[in-house]
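Colleague: In case it helps, TrEMBL gives these features for our protein:
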type     : residues : note
ACT_SITE : His788   : active site, charge relay system
ACT_SITE : Ser1012  : active site, nucleophile
ACT_SITE : Glu1070  : active site, charge relay system
COMPBIAS : 565-592  : compositional bias 'Low complexity'
DOMAIN   : 887-1081 : domain 'Tail specific protease'
REGION   : 540-592  : region 'Disordered'
Amino acid sequence: MSPQLPRAALAVALAAALPLGAQSPSATRLLRMPSVSAQHVAFTYANNVWVVERAGGNARRLTSFQGETTNPKLSPDGRWVAFSAEYGGNTDVYVVPVQGGQPKRLTWHASPDQVQGWTPDGAAIVFASNRATAAPTAAPRFWTVPAAGGPEAAMPMPRAFQGKISPDGKRVAYRMNNSWDDERRNYRGGQNRPIWIMDLASHTVETPTWTDSKDIDPVWLGSSVYFISDRDGVQNVWAYDGKDRPLRQLTRFTDFDVKTLDAGGGVLVFEQAGYLHELDPASGRTKRLDIAVAGDFPWMMPQWKDVANRMTDLALSPTGKRAAVEARGEIFTIPAEKGDVRNLTHASGSAEIAPVWSPDGRSVAYFSDRSGEYRLYVTQQEGIAPPREIALPEPSRPYAPAWSPDGRRIAYQDSHLNLWVLDVASGRATRADTDPHFSGSRTIVPVWSPDSRYIAYPKRLPSLYRAIFLYDVEAGRARQVTDGLADATQPAWDASGKYLWFMASTNFAMNSGLLDMSAYEHEQTRGLYLMVLAKGEPSPLLPESDEEAARAGRAPQQPGRDMPPADSSATPASATRAASAQPRDTAARAAAIGPRSTTVRIDFDGLQQRIIAVQDVAIRDYAQLRAGAPGTVYFVEAVPQTGTSAQGGFGGGGGTLHRYQLTTRRAAPFATNVAQYVVSADGKKLLYRTPGQQAALFLVDADKAAPTAGQGRLNAQLRAYVDPKAEFAQIFAEGWRNQRNNFYVKNLHGTDWPAMRKMYEPLLAHVNHRADLNYLIDMMGAETAIGHSYVRGGDMPEVPTSTAGLLGADFTVEGGRYRIARIYDAESWNPELRAPLAMPGVNVARGDYVLAVNGVELTAPDNLYRLLDGTANRQTVLTVNATPSMAGARQVTVIPIANEQGLRTRAWVERNRRLVDSLSGGRIAYVYVPNTGQPGYTSFNRYYFAQQDRQGAVIDERFNGGGSAADYIVDILGRDFDGYFNNPVGDRVPYTSPAAGIWGPKVMIINEMAGSGGDLMPYMFKRRGIGPLVGKRTWGGLVATTDTPPFVDGGSMIAPRFGFFSREGKFAVENEGVAPDIDVENWPKEVIAGRDPQLERAVQEALRLLAAKPIDRMMKEPTAPTWGKRGTNP
């Protein structure tokens, strides 16, 4: 990073340095999640809980914790504050006196518990949790836990994400489902639902008037429900006074949205523009609270940090004396043996990326955003003198710099897939080429020829295959040099200047589809090829033959005299001449390959006919082809992945690095677990990195025997002085640029993007926790009104690791003892699942009591999960009995699991499958598709084809988390059979052709928690007319995310890269979702009664369609033909 801060970062740092006493009380912003009582307002700031008098003023701190602390809720009497925090590594419920003190922990379950409020009598705290969900995914529901401590109890709503109990305790106003992106503005898809007000006795529901707005955060004052709605275009506060009265709008903000809302003490409080406001419903008056927050935030102190876990972008000096790497936006050089690690940049206020060494080894070039936009900087290798700054022609993010061997030019690519060639002396850049097709990654990676005249790179063709192109920097012209009938990538110039190596795939086929599920299990392999550049240059792979050399002083033998006559197996003269021209030993071959050439001669005429397959290298999944010494190349082979989520390829892991040498004509493993590598310019050294955050660097001899395990490990202790305030300013700017550079349409949905930066940037001075930075960036990004624009991660302060254990069971409390109500098992054919209580030999049954855990007796009001805390994946002794007594109890040893959602999902799927089987009389199959990634592909294949004896199918894609475009599934569902092949044995039921499939009606169930690929699959299903859709509108998020660069600290802000539009020429599904043909709601009353109306209706519809058009898979075999009978005319 640069030695100087950008102006914006400097301003933020100076503002943060001012004592709070020098600022007005109203200066503190980013106050969040307020709660109010008759005397106090509680809220969060910097991820901690604070409390202040109702009138405002100086806030008092209630928590001092570096991790997550959220959702403070004052008790009805105002004496306590309940909140959620991850003190123990998991998000659990805590309570603390409003005057301060040691928080008391109330929950220990491994699922996150988010406080919602209190019961009206103040005896219990209401929280939302994914535990014991009634859905196949982590769909939250409401629970209560006694404020004094004790076992949790589920509230009756099957699903509930956010809400409050009415003051009389008879009703609850709530938001049924969570949203995948709460900050998304102007959203109108399926996850917008009306506020539900449920009667806790009858389980009936009423809703305020609603069309498609985002209505959130319902709270009660008296008999009225207040909530936030964006039905006027900006989120404001609205009131619902009953079904016979119109809605009332209480606030009319037009700039910042109202974010969170609570009620108490006769008033409402809410967050808006970073401030807290109080609203008196009686008078309708709103006032902003002036609140000053003062405190220390140790995690915000500038400090030295180990940044090796953020190491990327390797470079190696010309002779391998030093390695250069980027780590957390700093450029470091690391000595091979002598000297210290050197930081060339030193600052947190800018990002320095993509180092590259000059050919003479004296300089290092890199890109930096220190000016506010990325530019090229060239510094001396010592990093002492100020670097030279070179402006780039277009605002973008640059990648993959390559310095020409003569030192005159640097080629690079940008986020718009342009290839640039920059003259180092003049600083002038020329656009050499542009890839016309975005393929999910940056294709144009430039590679210089040894004489610096040509740049080789792959580029997409209209067929979506890639071809190798050569750009002549002298002529300013690009030529395609492979024919496009194979997917050609990864060019590498041989150091001799005679050959161009590359990889090519002839089975690329279905993999040319960027998002298509149909590419799954279509293995993509590549072979190694070389191109002989000049006419007349012999192939280095001509046939070889061992021959004796003629003896000195002796004339050659003549046929018919000293040697026997030639026979029919003699070598033809042409082959003899070819063999004699081919060197017959390693030294001779090396000499023939020759030293480095100062001039690369390319005869383009007939060049494609001089492409040679290197048949000594097996065709496999290869990547990262690099050239070394003359006649030597390296490449990485992917290690096949395993498990239900495996899709093949590298998947972020390491592969096996191979070295191929023309001298030996074979490829041999050189190193394992390699994620990235580079070779020095002289071909004598090789630097590689292992995968993962604990990556190691190794520098080894490239031209000698393969290194032994651990050989050449560098002392890569990379430490940087990180100033969080300055780094946050850089991350904020990077997030803004990410959207500008990568958004899938140029107008950013009509957003005035520079104005949005000006609107939100003032809040940056108030950020005192990395989580609040994410919140700020997410709010700004939400202005583009797009799905998938997630803000995640970053260098959060460390918290303990949760080791909470679960038993894969439901419990009730009876007579002060915990009784097993249900045991979940892994069913069959699920090797990835483990059910602790269902393991053979454990001998625990439904109805048994758990009396003790590891010898500690368990009785209510103690909490079962408190005793299971710390037991995940550890042998744990349970004392159990069929009666609630220690008399006659037995001990069993189990291994609790960290997450039981997989077991619950499997139980939900199996329950549905059996229900469909029962309702249809065995005629209809049930197939659940959890997502459109590899697990969904696996689930579909497992369940669909195992039931192909059924006459129709219900495809359940509710809660589908997306992934790929499920063309494979839709193709299978939509295909028909063409006839039969007879079956000559058994009952002679014939085979259909094709044989695999279900040929009757298909019905698909959808809901609001199906999106992305889960939006596209029902869209395709509906467009192709395969069958009806039953349920509720899907999410409405059909843009693809890929290639957005991460932040320097590992966080990210996704910029959707491309979006879907219909064949009618309109952007479709995004911000809308896919509507069902048959709208069916799963109302709480019916679900509580054990029903699934959506599934039931889907089966009814499948049976109706089957009755209208029966499918008879068991057609009788026709009368056998008599073609062999004599005397007949066939």
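Yeah, the Cβs are placed from backbone N, Cα and C, and that goes for glycine too.
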Colleague: At a 10 Å cut-off from the C-beta of the residue listed as 'active site, nucleophile', count the other C-beta atoms across all protein chains.
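Modeller: A count of 27.
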Colleague: Return one of helix, strand or coil for Glu1070 (active site, charge relay system), based on DSSP.
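Modeller: The three-state answer is coil.
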Colleague: List the residues of the same chain that sit at least 6 positions away from Glu1070 (active site, charge relay system) in sequence and have their Cβ under 8 Å from its Cβ, in sequence order, or write 'none'.
Modeller: Ile786, Gly787, Gly1036, Gly1037, Leu1038, Val1039, Gly1059, Phe1060
Colleague: Across all chains shown, how many C-beta atoms besides its own are within 10 angstroms of the C-beta of His788 (active site, charge relay system)?
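Modeller: So the number of other Cβ atoms within 10 Å of His788 (active site, charge relay system) is 22.
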